[in-house]
Amino acid sequence: MTRIIVVGPLKSPYIIDGVKQYLKWIKKFERIELIQLPLSGDLNKTPPSIYKDKDFKKFEKYFPDSFNVLLDERGEQMDSVKFSEFYDRTKTSSQGKHINFIVGGPLGHSDKIYNKADYILSLSKMTFTHEFAVLILLEQLFRVNKILHNETYHY
């Protein structure tokens, strides 16, 4: 199963609506679980490195028996066809394992997580909020499934 694990709740109504819609469309092909982890305290009172390390500890429990893809603007970029090939190859070679897409919180990722990730993927060189990253990732996973099932993707 594929999981999207994100620090911080999805709050914006238009993002929530989009996420629900893509999860509904994707359900035709596969089940994707969205896991929203709570924020690690007050951003204004906690030093960034401690905050990020707390986020890392929340992610860490999902690492065993999983292929962990870290979303980060410094990761590898690919077009939708290459992403579909990567996703298909990863699902095939990771039988019985979860594929985790890890979306960081407001301060980004702890340095510790980069060594634990199996792959680092960039949605763009630009930085997105965690909400937009989740929505963009879901759109791409829907597109991937359309590509892998030889279906067109047009509106």
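Quick reminder: no glycine exception, Cβ is built from N, Cα and C everywhere.
Keep in mind that what you see is a predicted model, and the values were worked out from it rather than measured.
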Residue in Gly96, Gly104 which Swiss-Prot records at the S-adenosyl-L-methionine site where Leu71, Leu123, Ser124, Lys125, Met126, Thr127, Phe128 also bind: Gly104
Binding-site residues compared (Leu71, Met126) - the one with the fewest other Cβ atoms within 10 Å: Met126
